[in-house]
Amino acid sequence: MGFSELRRAPTIVNALCWVAVFVVSVAFFLKPIAAAHRGFFCDDEAIRYPFRHDTVSVSLLVVTCLIPAVVLVFALEVTYGVLTNKHRSGHDTCADDKSRCSGLHTGLRDAGLVFACFMYGNALCFVLTEVFKVSFGRLRPSFLSACQPETDVTSFANCSGLYVEDIVCLNPDTKLMSDMRKSFVSGHASFSVFNMLFIILYLQRRLPFSTPRLVVSLLQSGALGYAIFVMASRIFDHYHHPQDILGGAILGVVICLVTVFKICPRFILHPPRMELEQLPVTVNTKQGTAPPPTSSKTKE
């Protein structure tokens with residue numbers, strides 16, 4: 001194996017891992033796996049809450065988490081690429097100089113790399129969330145209400161301490177009943193926390209230094225507040241126990257930190273770009289390009 005092949009090996013391995021995670025996530029999404037079957041104690045009050053529909057549906061969650069992050073990444077990276085190259089070259093249009101077009105290309109490339117890392121983290125978070133759900137098979141708080149059991153387990157004479165291994169549900173919606181056994185961990189919590197924490201870290205690192213601090217903190221607080229709202233709604237809707245929310249939030253935080261600091265630090269956490277005023281400007285003349293002096297100080 002030659003040197004060039006050795007240099008390409010890590011890239012090939014990373015690409016294979018990226019594809020593998022996405023294939024598994026798509027497989028989980030298209031054909032959900034049945035959760036582990038576990039019983040319950042008939043006097044368990046934690047699974048007797050009334051059934052309610054989602055305040056934040058899955059489709060709404062995906063749209064409100066992915067679109068802001070994608071728009072933010074592409075807007076910032078493309079803007080940085082264009083303005084940085086424009087300032088360096090001193091030209092306004094691609095007709096004057098190709099550096100601005102090159103800046104657009106650079107911005108789109110950087111945005112694509114950040115987007116790939118972002119989606120990889122989302123896919124990894126989804127896969128691990130599903131693994132937790134099918135492994136634990138915890139019943140949701142509204143399980144009995146959704147199940148509509150053939151026999152009222154609460155009417156048993158000696159219900160205290162009686163463990164019900166199997167139960168016949170009259171609800172014909174098999175998809176819903178399968179989902180009722182996937183309480184731990186909360187997918188809404190893990191997904192919203194991952195995406196909002198990603199946005200918070202990205203804003204902190206990539207916004208220019210001249211951006212007012214109140215603006216940055218307001219945007220970050222909005223992202224944090226939305227994640228809290230999503231998690232709270234899952235408890236109010238009787239879809240999750242508090243432990244499910246906590247577990248999902250921890251999972252989302254861990255996956256986000258691993259994605260940002262370990263998987264893709266080069267594209268997300270590289271040193272912030274300098275302010276445009278601090279960038280060296282190249283002055284073009286008919287005779288050629290004259291670079292600015294390296295220092296404003298005059299030697300004595």
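Backbone N, Cα and C define each Cβ position, glycine as well.
In TrEMBL, annotation is done automatically, which means it is predicted and not curated.
Lifted from TrEMBL, the feature list:
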- 12-30: transmembrane segment (TRANSMEM)
- 58-83: transmembrane segment (TRANSMEM)
- 112-132: transmembrane segment (TRANSMEM)
- 115-260: domain 'Phosphatidic acid phosphatase type 2/haloperoxidase' (DOMAIN)
- 184-203: transmembrane segment (TRANSMEM)
- 215-233: transmembrane segment (TRANSMEM)
- 245-264: transmembrane segment (TRANSMEM)
- 280-300: region 'Disordered' (REGION)
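In terms of DSSP helix, strand and coil, the domain 'Phosphatidic acid phosphatase type 2/haloperoxidase' (115-260) has 99 helix, 4 strand, 43 coil.
Looking just at the domain 'Phosphatidic acid phosphatase type 2/haloperoxidase' (115-260), the mean pLDDT is 89. For the transmembrane segment (112-132), the residues of the chain that approach it from at least six positions outside its boundaries are 18, 21-22, 24-25, 28-29, 32-33, 66, 69-70, 73-74, 77, 184-185, 187, 190-191, 194-195, 198, 202, 247-248, 251-252, 255-256, 258-260, 263-264, 267-268, judged by C-beta separation under 8 angstroms.
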